[in-house]
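S.K.: Swiss-Prot lists 133-194 with the feature ATP binding site, giving sequence analysis as the kind of evidence. Residues or ranges marked as Mg(2+) binding site by Swiss-Prot: Glu283, Asn285. For 107-313, the entry in Swiss-Prot reads domain 'ATP-grasp', with the evidence type sequence analysis.
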Amino acid sequence: MKILLIGSGGREHAMAWKMAQNKSVERIYCAPGNGGTAKENKCENVNLEKTEELIEFASKNNIDLTVVGPEAPLVDGIVNEFKEKGLKIFGPGKVGAQLEGSKSFSKDFMKKYNVKTAEYAVFENSEESLEYLKKCTYPIVIKADGLAAGKGVVICEDYKLAEETIKAFMVKDVFKGSGKKVVIEEYLEGVEASILSITDGKAIIPFVSSKDHKQIFDGNKGPNTGGMGAISPNPYCTEEVLKSFEEEILKPTLIGIQEERMDFTGIIFFGLMITKKGVYLLEYNVRLGDPETQVVLYLMKSDFVDLINAAMDKKLSDFDIEWYDGNACCVVAASKGYPKNYSTGYEISGIDDAGDKVFCAGVKLENGVYKTSGGRVLCASARGITLDEAIKKAYTDIERIKFDGIYYRKDIGKSK
């Protein structure tokens, strides 16, 4: 079996590593991949990113299955284009992908199908939004409607920051169109949780829960990032929380997908807030999370390719996902200055010395030497019987990694 995997992050390295364990898989082409996938078992990087190039490659090389890692190609409709050419691809169609591609679309979907979520209002005019914000209770949350690489959500403590955010999103257009429309949302106090899941359109099967650490500094301080580390399972996801999630969020979501007749065979990522008033849905993503994937797939005992094939065959209800006992932790190492300005091109040592597993993201391989090429560079993932053991092992591995300006949080798994 030959697989084409689209993407270049730590998530895609984890997906490639997990899919390579399937005995039927002979080759995984990573488009474009990174320095980690370049050396991963059964993997080969191919320098392709445009949809038409990927379609041509899949056709010419008799690719059996294409798997899409990041959200942007899904929102752009890559699944529809592959299917029009008769090619097998895992991911939602363009309409289903709008659950992530447009915050207003997803909030309207939640409201229509009684998915428990925060109160909200949508604006396309900056002056109207500023007038509305004058009457709001703070803190308040402002979200760019479109894709913003995980950086389009700002929690505003006061009107001053809210005004600055609206001007940046809607007037200065910092997200190149994605913030021209905004969702202004009630702030929910609580603990965040991520539940990744897989659907064939007939059933949604949740994975083990996880917890991301979004902010750059220890103690959950500073600006949001794509994610600085994760743990799984999430200690706040009690049986009671998971039951509420299933009844008030998962089940109505599935009803909505079916009622809207969405072409949705793929991943649904539920971003949750666990509050004193119950469990709320903050957002949908239509792909695996990063860095959540690097702990969730590390705990998955079942074969990932078999699971995807069960979804493609509309037989997910028959698939019982097995998980390793214990816990997992991953710690992300970033370039100095991330998530703002940072330099790249620094030599990296220690990647191959890990006791568990290092998944590469902003890493390139030059003449056999690993070098930094992005903001989030890599992450060290580890399993342990206890959460403390998993955390300790992940930090032991991250401390082996060396590059100029390396930065990582010291409190992954310890902060609320």
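Using N, Cα and C of the backbone, Cβ positions are placed for all residues, glycine too.
What you see is a predicted model, and the numbers here were worked out from it, not measured in a lab.
Neighbours and distances for these, please.
M.R.: A simple way to gauge crowding: the CB of Leu133 (ATP binding site) has 20 other CB atoms within 10 angstroms, across all the protein chains here.
Under a cutoff of 8 A between CB atoms, and with a sequence separation of 6+ in the same chain, the neighbours of Glu283 (Mg(2+) binding site) are Glu100, Lys103, Ser106, Gly271.
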S.K.: For the binding-site residues listed here, Thr165, Asn285, which shows the highest count of neighbouring CB atoms within 10 A?
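M.R.: Buried the deepest by this measure is Thr165.
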S.K.: Going by DSSP, give the three-state secondary structure for Ala149 (ATP binding site).
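M.R.: DSSP assigns Ala149 (ATP binding site) to coil.
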S.K.: Around the Cβ of Glu157 (ATP binding site), how many other Cβ atoms lie within 10 Å? Please give the count over every shown protein chain.
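M.R.: So the number of other Cβ atoms within 10 Å of Glu157 (ATP binding site) is 11.
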S.K.: Which site among Val141, Ala149 has the most other CB atoms no more than 10 Å from its CB, taking these as binding-site residues?
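M.R.: The residue with the densest Cβ neighbourhood is Val141.
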S.K.: Within 10 Å of the Cβ of Lys181 (ATP binding site), how many other Cβ atoms can be counted across all chains shown?
M.R.: 20
